[in-house]
Amino acid sequence: MQTSELLIRSLENISVIYFFISVIFYLFDGKEIITVYSAYWKKALFGISFGLLALLLTETAIKQGTSELSYSLIPIFICFYLAGPFAGLTSFFVLSVVDRIDFSFFNVTYMFVIFMFLIILRVWDRRSVKAFSIVLLILIVYSLVLIFIFYPNAIWKPTIWIFELFCYFSSVICYFFINKQRIYFQSHLILVDESRKDFLTELFNRNYLIKLTKQKDAKNKLYSILLLDIDHFKKINDQYGHAAGDTTLMQFAALVMRKLPPNSLVFRYGGEEFIILTDETDREKVKLLAEDIRLAVESYPFILSETKKIAVTTSIGVSFKVKETQRYQEIINEADEALYRGKAQNRNQVVLF
């Protein structure tokens, strides 16, 4: 095979790798990046996808006499880096079962040492391009040493060296762009998360509440709204300062979060007002939830400093979406009206609309 043809075929293989890995990322990286800490079913699917990619590359292997030069191990190597040993070994299992790899002494020794090397180094914790390139270089040198030991005549063929050299540089370049793609996506997820969070309490913010309720309205889903207001919050700011007010808000938010039932979210609506959005629409159950939160706030010692604790109460207005035609603003207005009645009744009340 001519050198130019070898380079063209190698370029075709590495293009296939980059294209399919990009597609796999698009399918798997939804709300989070796949890592070694992801759920096992996600890592298994991730590994299977990379294994199928490795299998595809065996079909595009470069023929060299009676042997083949294949890029099939590169996706498996990258899979170890991106999702850890479980996903990496899963990808190799798929390749070995479907392609029926010849488990000769050479192949077993070759793969065992590679996998142990990757696991001992914990490469999934060393994701930089520099670390990737160093580890890959070590593995290529290792493969050349094995070829020299087991196939001494083949080591002097120029195609072997050209293939290994192109394999190294093309793999590093491919990983560089893949890693950049993941970094950009991770940055995007962080920005999305920050855009829907309140910076002080770390609860979801008003904009995200409106987005979710609009989505529920579009799907004609029923829900309940609990509007919470910290009683006499202005007095806390005036008497103890705004720093104490911020501390109170953070402790209040954490307390409400602990009381939150399943299928419910809490938002900072504005100032000292908070909203709980829950899928529960049974009036008695929602009332019990509101009372539980009110009593928890009433009995909780809010700590402003090592020597200062204050008592805080909350008024809660509750409203229910009982008709599919109702929209979020109407439900929030009803909760606000119920809250107003509670504050008019000497506060520290739960009022249902």
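Just so it is clear, glycine is given a Cβ too, placed from its N, Cα and C backbone atoms.
If one looks beyond the transmembrane segment (7-28) by at least 6 residues along the same chain, the residues whose Cβ comes under 8 Å of a Cβ in the stretch are 34, 42, 45-46, 49-50, 53, 56-57, 60, 62, 71, 74-75, 78, 162-163, 166-167, 170-171, 173-174, 177-178, 181-182, 185. Summarising the annotation, TrEMBL assigns transmembrane segment to 7-28 (among others).
Summarising the annotation, TrEMBL assigns transmembrane segment to 40-57 (among others). Sequence-remote contacts of a segment are chain residues at least 6 beyond its ends whose Cβ falls under 8 Å from one of its Cβ atoms, and for the transmembrane segment (40-57) they are 13, 16-17, 20-21, 24, 27-28, 34, 70-76, 78-79, 82-84, 86-95, 98-99.
The annotation transmembrane segment is assigned in TrEMBL to 69-98 (among others).
Annotation source TrEMBL lists transmembrane segment at 104-124 (among others).
Same-chain neighbours of the transmembrane segment (131-154): 67, 77, 81, 106, 109-110, 113-114, 117-118, 121, 123, 160, 164, 167-168, 171-172, 175, 179, counting only residues six or more beyond its ends whose CB sits under 8 Å from a CB of the stretch. The transmembrane segment annotation in TrEMBL covers 131-154 (among others).
Proximity of distant same-chain residues to the transmembrane segment (160-178), defined by a Cβ-Cβ separation under 8 Å and at least 6 residues beyond the stretch ends, is recorded for 3, 6-7, 10-11, 14, 17-18, 21-22, 25, 62, 69, 71, 74, 77-78, 81-82, 129, 132-133, 136-137, 140, 143-144, 147, 154. What TrEMBL lists as transmembrane segment is 160-178 (among others).
As annotated by TrEMBL, domain 'GGDEF' applies to 221-353.
Secondary structure of the domain 'GGDEF' (221-353) per DSSP, as helix, strand and coil residue counts: 59 helix, 34 strand, 40 coil.
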